[in-house]
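For reference, Swiss-Prot has these:
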type: ACT_SITE; residues: Glu184; note: active site, proton donor
type: ACT_SITE; residues: Glu378; note: active site, proton acceptor
type: BINDING; residues: Asp51, His91, Asp99, Lys293, His298, Thr340, Asn379, Ala380, Arg418; note: substrate binding site
type: MOD_RES; residues: Val3; note: N-acetylvaline
type: REGION; residues: 489-532; note: region '4 X 11 AA tandem repeats'
type: REGION; residues: 513-535; note: region 'Disordered'
type: REPEAT; residues: 489-499; note: repeat '1'
type: REPEAT; residues: 500-510; note: repeat '2'
type: REPEAT; residues: 511-521; note: repeat '3'
type: REPEAT; residues: 522-532; note: repeat '4'
Amino acid sequence: MEVNVKGNYVQVYVMLPLDAVSVNNRFEKGDELRAQLRKLVEAGVDGVMVDVWWGLVEGKGPKAYDWSAYKQLFELVQKAGLKLQAIMSFHQCGGNVGDAVNIPIPQWVRDVGTRDPDIFYTDGHGTRNIEYLTLGVDNQPLFHGRSAVQMYADYMTSFRENMKEFLDAGVIVDIEVGLGPAGEMRYPSYPQSHGWSFPGIGEFICYDKYLQADFKAAAAAVGHPEWEFPNDAGQYNDTPERTQFFRDNGTYLTEKGRFFLAWYSNNLIKHGDRILDEANKVFLGYKVQLAIKISGIHWWYKVPSHAAELTAGYYNLHDRDGYRTIARMLKRHRASINFTCAEMRDSEQSSQAMSAPEELVQQVLSAGWREGLNVACENALPRYDPTAYNTILRNARPHGINQSGPPEHKLFGFTYLRLSNQLVEGQNYVNFKTFVDRMHANLPRDPYVDPMAPLPRSGPEISIEMILQAAKPKLQPFPFQEHTDLPVGPTGGMGGQAEGPTCGMGGQVKGPTGGMGGQAEDPTSGMGGELPATM
């Protein structure tokens with residue numbers, strides 16, 4: 001029976017602390033981390049996830065890479081017998097409420113921004129966001145002769161060359177490619193550092209000169225050179241109904257509105273496609289999986305305009321699937337989706353935010369599965385209680401355990417936010433160990449489960465028109481059981497979720513979505529809907 005049940009095994013990873021490598025690019029916490037990894041091994045965890053910060057490794061100058069601290073960290077992980085998910089973190093960590101560390105993008109890159117501030121994403125007020133370079137400079141050779149995409153490709157190439165021993169040994173199994181703020185493929189539409197607070201709709205962030213020029217050219221090409229960016233979409237903390245653009249039957253449904261939203265979201269998809277193509281060339285032939293992070297923007301999901309998703313770049317409506325288009329692009333690169341909110345229940349949310357994390361998770365996971373992708377998830381808040389774990393288990397195997405083989409749909413893996421002493425002590429540790437057992441279908445840890453094949457070359461380039469065919473018709477998600485059939489103990493209680501957001505795809509505070517590598521969720525997400533004044 002065990003052979004048949006083995007197909008139900010879902011791998012479990014744990015995000016390492018943000019300061020696993022210090023802000024001065026040193027590995028200084030070896031003894032502490034060694035003890036924590038020992039506890040993870042005892043719990044049966046399959047591996048760990050770590051941010052590999054661009055701002056640390058290439059901080060001293062163009063191509064002046066220093067991988068020494070990360071090599072020491074990776075050696076420790078290897079000796080523990082754990083696998084490793086490495087995040088190419090091209091974004092800033094820090095600068096928001098709850099951030100434990102501050103790691104900006106390289107100073108020499110920011111220096112280019114003092115001469116040309118349009119290298120940064122810019123809102124309609126002219127405020128620059130220095131977390132991540134605008135996709136408008138993807139192909140602009142502004143950085144000592146290199147474009148942004150070339151810098152990212154060179155960084156990944158240097159990583160491959162310096163970490164070859166860990167790639168060859170099968171220690172590194174996942175390369176998660178950062179594509180935006182918090183490492184997520186999105187625009188920085190809801191920055192707390194610029195005054196956004198949950199559940200604001202956010203703003204369109206495309207006012208740098210490079211994206212403005214691109215839009216003007218695109219509008220002229222369809223015979224509307226007079227079209228400009230929306231001027232009725234409100235401000236960061238508006239609700240949809242306070243704006244002409246997002247209200248019911250608003251501007252977003254007009255020809256001009258649809259054109260803008262398509263341009264805005266298509267640019268994001270093309271940005272991901274460009275960088276994943278480079279990542280594929282870099283890691284071609286290695287036994288790794290490429291992955292990207294998609295942000296879990298669950299607030300205003302229940303209103304027709306899906307306003308907060310639209311400002312982030314996800315063109316998702318009741319009759320248009322904004323996530324399957326992304327999945328269609330990823331299919332070309334055989335890349336996986338990493339999504340968040342896996343522990344959240346609608347019943348835990350504020351009614352005023354019109355939030356629906358369960359429906360959102362089901363839509364995104366279904367989109368990935370329909371495109372034949374491996375799909376992974378994270379929790380958004382560091383929760384330790386059976387209620388959260390059981391929600392994750394339900395999402396991991398929507399139809400429950402299949403006694404006769406692999407389920408039709410299941411997560412490829414789950415990454416827990418985040419490693420801390422609080423996780424590996426007392427009842428929290430007991431609950432976590434039980435959770436890992438349940439994710440493994442009560443089977444022993446298997447380091448050889450889901451073996452990686454050599455990464456093949458990306459498929460032929462797909463036109464944006466072909467990608468957009470995935471948007472319609474918008475199909476219903478696959479059915480999900482209400483409860484897991486393999487629960488962790490008694491349910492009830494919130495059991496210790498974090499108050500307020502913490503850090504991004506390994507490091508930024510970004511409110512309500514969780515990060516690929518580890519930020520926490522907005523405090524209203526799973527805390528009964530209270531909106532603290534600090535937000």
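From the backbone N, Cα and C atoms, a Cβ is placed for every residue, glycine too.
Recorded features from Swiss-Prot, shown on the structure.
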residue	record	DSSP class
Asp51	substrate binding site	strand
Glu184	active site, proton donor	strand
His298	substrate binding site	coil
Glu378	active site, proton acceptor	strand
Arg418	substrate binding site	coil
(request) Take the Cβ of Asn379 (substrate binding site) and count every other Cβ within 10 Å, whichever protein chain it belongs to. (result) 27
(request) Rank the binding-site residues His298, Arg418 by the number of other Cβ atoms within 10 Å of each Cβ, and give the residue at the low end. (result) Arg418
(request) Compute the C-alpha separation of Arg418 (substrate binding site) from Glu184 (active site, proton donor), stating it in Å without decimals. (result) 17
(request) Would you mind reading off the Cα separation of Asn379 (substrate binding site) from Glu184 (active site, proton donor), to the nearest angstrom? (result) 15
(message) Can you tell me the CA-to-CA distance separating Glu184 (active site, proton donor) and the residue listed as 'active site, proton acceptor', as a whole number of Å?
(response) 13
(message) Distance check, please: Cα of Glu378 (active site, proton acceptor) against Cα of His298 (substrate binding site), rounded to an integer number of angstrom.
(response) 14
(message) Can you give me the average pLDDT across the repeat '1' (489-499), rounded to a whole number?
(response) 47
